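> Before I ask anything, here is the structure I am working with.
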Amino acid sequence: MQAATLSFQPSAPPLQTSAFHFSSKQPNQLKYSLFSYTCPILKRSLLSTQTLSRKSICKPPDVATGKYVREDYLVKKVSAKDIQELIKGERNVPLIIDFYATWCGPCILMAQELEMLAVEYESNALIVKVDTDDEYEFARDMQVRGLPTLYFISPDPNKDAIRTEGLIPIQMMRDIINNDL
């Protein structure tokens, strides 16, 4: 009996899956792909125009953090004490509480959508946010496990609050505000 031998010859070179790779001809030289390079002159000019426009709409940097802070955000950052007063007090509009962190990517995306909702529902809903790094005990008491977490609280004290966790579409937030609160 003869044994059959199979050999495989790839027809195309292997795909490059990384932003950089090592050259087999020169093992110590690192080659960059087209997508990983940004012209330093272009990068510097883009940063300077972005920085100038940001500085023109922001107040001077906060002494503690050194960051520029916009003053015209509709969604205001509040403390745990402020939230407790808002919940206990009488409201004519629903209250939406966003538990977020500054380092959380989905929280940043959600903040943009909440700003759009705040413009859309300016007089029909109150939207506030709580930084879980600053108010970690309050976040723990509110059972915030994942970020971002939203609480939708109806002005009617007989209705249960609605809790969502994770990034949700803006249309879902509209539906909750319009139909469930």
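Cβ from N, Cα, C; glycine included.
As listed in Swiss-Prot for this protein:
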TRANSIT   1-70  transit peptide
DOMAIN    72-181  domain 'Thioredoxin'
SITE      D98  site 'Deprotonates C-terminal active site Cys'
ACT_SITE  C104  active site, nucleophile
SITE      G105  site 'Contributes to redox potential value'
SITE      P106  site 'Contributes to redox potential value'
ACT_SITE  C107  active site, nucleophile
> Say you check the Cα of D98 (site 'Deprotonates C-terminal active site Cys') against those of the recorded positions C104, G105, P106, C107; which is nearest?
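Result: the closest of the recorded positions to D98 (site 'Deprotonates C-terminal active site Cys') is C107.
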> Are there residues of the same chain, six or more positions away from P106 (site 'Contributes to redox potential value'), whose CB falls under 8 angstroms from its CB, and which are they?
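Once residues fewer than 6 apart are set aside, P106 (site 'Contributes to redox potential value') is near L147, P148, G166, L167.
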> Pop the mean pLDDT for the domain 'Thioredoxin' (72-181) in here, whole number is fine.
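In the predicted model, the domain 'Thioredoxin' (72-181) has a mean pLDDT of 94.
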> Going by DSSP, is C107 (active site, nucleophile) part of a helix, a strand, or coil?
helix
> For C107 (active site, nucleophile), what is the tally of other C-beta atoms lying within 10 angstroms of its C-beta?
21
> Please list the DSSP helix, strand and coil residue counts for the domain 'Thioredoxin' (72-181).
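Tallying H, G and I as helix, E and B as strand, the rest coil: 42 helix, 23 strand, 45 coil.
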> CB neighbours of C104 (active site, nucleophile) within 10 A?
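Taking all protein chains shown, C104 (active site, nucleophile) has 18 Cβ neighbours within 10 Å.
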